[in-house]
Every structure is written in C-alpha cells, then in structure tokens.
Amino acid sequence: MKVMTTTLSLNSNNFELRSHNGKNGKDMHPIAEPPKESRDQWGGQIEFLLACLGNAVGLGNCWRFPYLCYKNGGGAFLIPYIICSFVIGLPLFLIELSLGQYSSMGPAHLYANLSPLFKGLGLTSIISSMIVAVYYNMIIAWTLFYFVGSLVGQDWQHCGQHFNSLNCTTINDKMNFTNYSISSTEEYFNNYVLAKSDGLEIMNSMNWRLVGALFASWVIVVAALIKGIQSSGKVVYFTATFPYVILVILFIRGITLDGAIDGLRYYVTPEWSRVKDPTVWRDAAVQVFYSFGIGGGGMITYASYNKFTDPVFVIKTKVRHSLLVGIGDFLTSIFCGSVVFAMIGYMAHALNKPIDDIVQSGTVIPEGLSQMPLSIVWSMMFFAMLFLLGIDSQFAMVETVITYIFDLLRNSKYKLNKPAVVTIAGFIWFLCGLPLCTNAGVYILNLMDTYAAGIPCLIVGLFEIFIVAYIYGISNFFQDLKLMTGWMPSDIMRSHIIVMITTCSPIAIAIILYKDIFGLLYNEEVITYGKYVYPSWAQWIGWSLALISVAAIPLGAISHLTPFVQLFVVRKQDLFVGETKIIRGNRSFKSGIY
C-alpha cells in the first residue's frame, strides 16, 4: 500500500508543495533547494543571548514582580513562582527557541507549516504583539518622562505647583500628614504626567507632553531596528547589560539606608497560609509568561535568526540558552525585588509608618530617590534602567511583526526596503498610541493590559504545548534537538520534559485560563484602576481586543478544513493521513497534517 506524503521545500523562502509516493508507508527523500536569498542571522551567540535576556527581562521584573510579592504573602510568592517557572516557563521557553531555530521562520509561517490546522496560532502571537507594542511603548515613554524630569528639578518632590492640590504633602512634612493627605509624587504622576480624568468616559484633552515622550520613544525603537538584527544586535550589548550595572549600584546604595533591612525582611519572610491560595498560583503563572517573554512570538522570532547548529539548552559544559536565560530572568526578578523593598524599608523608616502603608501608595520609588544624597544622579540612573529594561522587550515585539511582514512579502514583485518598512510601522504604532496620551489614557492602557496580553498569551502557550506534545510529537522534538546540537537528553531528563510538556504544563495553563476567562465573563473579577470601576461596556471593549487576536486560531482552522470538506468524499485520506516537511538545507521538519 502506498501512502502519499507531502513535502514543503524551501525555495527563496517560498514553499513549493511536491508529492512523493513511498513504499510501505516510507516516503522518498526530497531534494532540498537552498534559498536564493539568505535570512538575516545574529552576529554571534552573545548577541542572541543578550537579545533573549533583554526580551525576557523587562519592566515586569522591577515593577510587577515586587508588587506581586507584596500582594501574595512576601516570600511565600517565591515558592509558586519557582515551581511555575520550571513547570510552565522553561518547557515553553525550550519549545519556542527550538522550533524557531530549527525552522528559521517567524511564528506565523512556523505554525502554518508545523500544523496547518492551527496556522492561525502564529498570527495570534503577532496580533497580540502588535496590540501590546502600542501600550508598552507608552509605559516606556513614562520612564523617559521621569528621566527628563530628573534633570530639570524633580518636581515630584515639591508642592505648591500648578498641578498640586491643597492636600499635597511631601515626605518632609510627615508631621502634617492626615487621612486626606496626598503625596507630592502621587499628584505629580496623576495630575502632571497623566493629567488623569475621573474615568474612561471623560476623554476631552490631549497631554502634549506625553505625545512628545511617546514620539521620542518610537524614534529610539525605529532607530535601533532600522537595519534589523544587524543594528539591534549591536544595541543589546548596551541595553541588556547596563541595567544590571545600575541595579547593583542601587542595591549597594539601598542596603546602606536606614530601615532597608526591615524592607528586605518583609520581602523574604513567607506568609505560609497564602501558599494554599489559588490566586497566588494564578498570579505566579501569569508572571512567568510576562517574565519569560513567551507566548508573544518574540522568542521564536529571535531564535529564527540563529544558525541551525547553535545551542539552545544547557548540558554539561555547553551553554544552552533556554535554561541560562530562564534562570537569569528569575534571578533578575528576585534581585529587582531586593532593590525595591530596600527602598520601601527606607521610606517606612523615614515616615515612621508600616511597610504595608508605604507599598500601597504606589509611587514610593521616586519619593525615596528624591531623599537620597545626590538624588538627581540616583533618579537618572533608576529611570534610565527602567527605560532600557522596557526598550529591549519592545524590540522583540516590533521585530516579531516586522519579520512577519518580510516573510510574507519577501518574494513579491515589490522590493522591500527595511528602513522604510520599520519607519512606516513605527509611525502607525505612534498614531495608534495617541489615545493613551489623553486624560483617559491610563484607563485605556489598563484595559488593554488586562485583556490584550494575558489571555492571548496563555492560549498561545496552551496550543503550543498541545501541538508539540500531541501533533508534532515529543520524539520528533527530541530528534530535532539532537540534529541541531548533537545532544539527546538523558532518560531522566527526557522523562521530566515529557511529563512537564504533556501533563503538568497544559493542566496548569488550562486552570489559569478557566479562572481568568470565567472570572471576567461572570464579573467575579471586576476590572478596576485604583478606586475607579470600569463600566460593563468597557469590559466588552476589552474582550474585543482579546478576541481580535484569538479569533485567528479558529478562522485559520476553518480556512484549512474547507478544501478538505469539499473533497472529503473523493480524498478522505488527505485529511487524516499525511506528513509535512519543512526543508532547511538537507534537514527536514516533520509533522502531521493537522
């Protein structure tokens, strides 16, 4: 009996479909044609490592992670975070880097060939990255705003300015604190930086200062990516390493402050009763997606620019990037938390207030920095660090979208000019970000962050694991690793990876998705920003943002199944039996037709 197999050969980055009849179900070996136009590659493994580290380590490590530690029982949060890192983070990290490097494709083309039925999965990652890039660069613009503010007088440490209220109080007026007092740093952020209105319904003015900061942020992103990884690969030498220099300096300075030890003790002391709380585990798992940069297509895109035989895992003396970057990201989160809580301890000591009250204020860092000797220097260093941490993650999201455009149109009759494409895309993103510069911008940003990032990334992660485990096949995945690196995991490690990918990871993600989706749908979790509660119509707008990207998955499946439904009577076998190959040099990328 002859079984028809399908071969996808790479020809100038186009895929030519050819059929081969094999005997006894074994396919013929096709002849691969090398691409006429070579794909960009990293200048070296250091560039790739730093780019991945920069994508993984972002603003979430220094802002979101310390807050979650406070919210979920201090040191007790570290336990579920470590477990989720190994159960969800590292397996998905390994999958994305391995598939990207093996195929030399961006996420859209990768999944279209790996599992045609789920070809919309890659597009979901790209659409999600497009949406997140809009508001993420707004946050980066805030850090740039504060950096400039550090140079011109640190206005957040003074009252009596045009944006201050009668209840404004500085840290030096701690004897005059009342229940109605509002810190000068909080008023600076809400009344000057954001010019915030009372709700999403009130959007009637544009903050032109923020427009300028947003434009400057996009200019920096475009300038760094204008030549692709040839330019961004050189930029990451600075943007991925300099934040660590600043973190070390701030940590050394922070632990010498009065009260810093109390803050660190609060940070590491576990509240064991919280470990049993499902919400803590949910927050830990979602933080893993934010921290590792998985589910958004950035890691697949970066790995696709690797050489085929570059290492992707750690074993013996070889530096393999999955474990190295994953552990580096985890340790960075812990270290950032130490810096932040040392500052919080100092503020609690200075104000003679409990640490709980200090954390809840939300603007403690600028206020703490302003009280240090040479405060201008410390403020500049801190906000420069936040800017660099954010810009690396932004590079990955923008590069993911740009890579998709070039992979899609590489062989069209139009000759693509990368600087022009990057510039036009950056300008479009800038225009899309203008609503975030209005007086209701922060409410829009919070809505986008709630719906457009977390849920799509969790869904992408779940489908990635499902495809590799149950469609592509674990055995094929391990063979790919061996083909690229010459290394096959030991029986113990292979068993661990199989259990994680086939059982633990999908169950954990499914539970989190259930909690998120049904909690939001049935208003078990009301979306708020401070004391403001979002109206129901705003939540439906948020769901629309999530569905814009997620809808690509069922739509892609329908478009793939339609021809088979039409031909089902004549060619039933084509729907259920078949093999897809992605040819790269003399190497094939095999998967089921699904």
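Positions of Cβ are set from backbone N, Cα and C atoms, glycine also.
A quick note: this is a predicted structure, and the numbers were derived from the prediction, not measured.
Disulfide pairing as given by TrEMBL: among Cys84, Cys168, Cys159 connects to Cys168.
Among residues of the same chain six or more beyond the transmembrane segment (540-562), those with a C-beta under 8 A of the stretch's C-beta atoms are 112, 116-121, 123-125, 127-128, 131, 447-448, 450-452, 455-456, 459, 463, 520, 527, 534, 575. The transmembrane segment (120-148) makes no contact with the transmembrane segment (323-348): fewer than 3 of their CB pairs lie within 8 A, with pairs spaced 6 or more apart in sequence. Cβ neighbours within 10 Å of Cys168 (disulfide bond), excluding its own Cβ and spanning all shown chains: 20.
Using a Cβ-Cβ cut-off under 8 Å and counting only residues 6 or more beyond its ends in the same chain, the transmembrane segment (323-348) has close neighbours at 49, 52-53, 56-57, 61-62, 65-66, 69, 78, 81-82, 85, 89-90, 93, 171, 244, 247, 250-251, 254-255, 257-267, 291-292, 313-314, 354-355, 357-359, 364-365, 367-369, 371.
Remote same-chain residues near the transmembrane segment (421-445) are listed as 130, 133-135, 137-139, 194-197, 199-208, 210-211, 214-215, 218-219, 221-222, 225-226, 398, 401-402, 405-406, 529, 532, 534, 538 (criterion: CB distance under 8 Å, separation of at least six residues from the stretch ends). Sequence-distant residue pairs (6 or more apart) of the transmembrane segment (78-99) and the transmembrane segment (495-514) include at least 3 whose Cβ atoms are under 8 Å, placing the two stretches in contact. Among the recorded stretches 206-226, 284-303, 376-409, 495-514, the one sharing the largest number of Cβ pairs closer than 8 Å with the transmembrane segment (451-474) is 495-514.
The listed stretches are 284-303, 376-409, 495-514; of these, 376-409 has the most Cβ pairs under 8 Å to the transmembrane segment (206-226).
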